[in-house]
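K.L.:
Sharing the feature lines straight out of TrEMBL:
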- 142-271: domain 'EamA' (DOMAIN)
- 6-24: transmembrane segment (TRANSMEM)
- 31-53: transmembrane segment (TRANSMEM)
- 59-77: transmembrane segment (TRANSMEM)
- 89-108: transmembrane segment (TRANSMEM)
- 114-132: transmembrane segment (TRANSMEM)
- 139-156: transmembrane segment (TRANSMEM)
- 168-188: transmembrane segment (TRANSMEM)
- 200-221: transmembrane segment (TRANSMEM)
- 255-272: transmembrane segment (TRANSMEM)
Amino acid sequence: MVPVGALALVLASAFVHALWNVLFARASRGVAALAVTNVAGLAVWAPVALARWRIEAGAWPYLLVSAAFQIYYLVVLRRAYLRAPAHTVYPVARGLGPVLVLVATTAGGAPVPWVAYPAVALISAGVWLSATGSVDRRVLAAAFPVAISAAAYPFVAGYGLRHADPAAYLWLSTAPLTVGTLAIALVTDRPGLRAALRPATIATGAGMVASGGLLMTALSMVEPGQVPAIAALRETGTLFVIPLSWLIDRTFTRAAAAGAVLVFAGAALLALR
C-alpha cells in the first residue's frame, strides 16, 4: 500500500502541476519564456535545496541520468509537437508513461503490489481517453519517445533518492536544463528574455519546482515496487486540469469527462487499497 503521506504529496504535486500548466498556457511558449520559467524555479528552490542539502556519492550516476532525461524530454516533446497536434500527443504520452514505469519496475525484479496493475491501467486509459482527436500511428510514433522520458525520470529518481535529499536532487537534476535554455535564449532572443520577466512566468517557475519537489518527496517515501503507483497518481493532474482550464475558456468533450472518471477510479483504487 502507498503510504498516506506519499499519496497526499503526489496528489498535491498533480494539482500544482496542472495549475502551472494552465498558467504556462497563458504565457509565451518560446525559448525565452521557458528560460525565465526555469531560472525562476531554480532560484526559488535554491534556499530549500541548500537548507536540506544531502548528496551522497551514490546519487551522482542517477542525477546525471535524471538530468539527461530532463533535457531529452524537452527535445522530444518539441519534436513531437512538430509532427502531431499537442492535444493528442500529450495525453497519449502521459498515459503511456505509468505503463512503461510499471513494465520497467516489474522487469527489474522489484515486488509490485497487485493493485498497481489495474490502477495504472485505469489511470493511463483515462489520460489517453482525454486526448481530443484521432490517435493514429503518427501520434503514437510522436508520443512514444515523450512517454519514455516521462517514465524514465521517476523510475531513475526512485533509486537516486536513496542517496540524496529530494530538494537537493530536484535542484541538481534541473540545473543543466536551466543553464542550457538560458544560454540558448541569451544567444537567440535577448529581447524575449526581458519581455518574459513578468509575474505569470515567475509564478509558473515557482509552481514547476513546487510540483517537482512534492513528487520527489513522495518518491523518497516509497519502495521501488511502489514507484509505478506514484507515477500513475501523478497523472491525476488530468482531474485538476479540467476545472482549472475553464480559466482559459477551453471546452471539453464527453471523452475527456469519461477519461477523468477512469483516472479518479484508478486513484481511488490505490488510495483505498
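Just so it is clear, glycine is given a Cβ too, placed from its N, Cα and C backbone atoms.
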K.L.:
Taking pairs 6 or more apart in sequence, does the count of Cβ pairs under 8 Å between the transmembrane segment (200-221) and the transmembrane segment (59-77) hit 3 or more?
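P.N.:
These two segments do not touch.
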K.L.:
Check the transmembrane segment (255-272) against each of 31-53, 114-132, 139-156, 168-188 and return whichever range has the most CB pairs under 8 Å.
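P.N.:
By the under-8 Å Cβ criterion, the transmembrane segment (255-272) pairs most with 114-132.
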K.L.:
Looking only at the domain 'EamA' (142-271), how are its residues distributed among DSSP helix, strand and coil?
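P.N.:
Taking each residue of the domain 'EamA' (142-271) in turn, the totals are 112 helix, 1 strand, 17 coil.
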K.L.:
For the transmembrane segment (31-53), I need the partner stretch with the highest count of C-beta pairs below 8 angstroms, choosing only from 6-24, 59-77, 89-108, 139-156, 168-188.
P.N.:
168-188
